[in-house]
Amino acid sequence: MATAPYNYSYIFKYIIIGDMGVGKSCLLHQFTEKKFMADCPHTIGVEFGTRIIEVSGQKIKLQIWDTAGQERFRAVTRSYYRGAAGALMVYDITRRSTYNHLSSWLTDARNLTNPNTVIILIGNKADLEAQRDVTYEEAKQFAEENGLLFLEASAKTGENVEDAFLEAAKKIYQNIQDGSLDLNAAESGVQHKPSAPQGGRLTSEPQPQREGCGC
């Protein structure tokens, strides 16, 4: 039997959501490139990144869709929620308005993804402690009340960026193992052992507009 030309067993689709300027694209760039881009133009539409990680001995390719935070792009970016296995919902710990808008982002995520989508709340810019406008405790309480994973991170220093993507992947993989995530479901957001480079559900999305590393 021919061996599939892949060095991973699963593909997980992620989306990154949240207000404009919270650092979504900077988190993605830090995770995929191990670099911080200080001056990122805002994302126009959707951007895309990938990286292979390991969870419980399994190689997993993350396909990550970074969505624009501006209201005028919401209709476009909502189409990318479909079939997401994981969602990273980001706010800026120094801007309370971005935290106050989380309920709206969460409503979209709940309504447009499958019931088993793993959502992790990320308080970005943890390196700016002196400018903090949202406490760790209140964000943690919001996460607990809504059944979300939670951590604070810094796209600038790299603090907890790796953990944000990995913790979501661990939970998704756990859901696969315990049977709560049906890999045969069209909206699972997971592919197991793909057999062709462009085959399957996860690469059927429209091509994103790539306009630099927007925050």
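The backbone N, Cα and C atoms fix where each Cβ goes, and this holds for glycine too.
Among the ranges 28-37, 48-57, 68-77, the one that Swiss-Prot lists as motif 'Switch 2' is 68-77. As stated in Swiss-Prot, the feature motif 'Switch 1' covers range 42-47 out of the listed 42-47, 144-149, 210-215.
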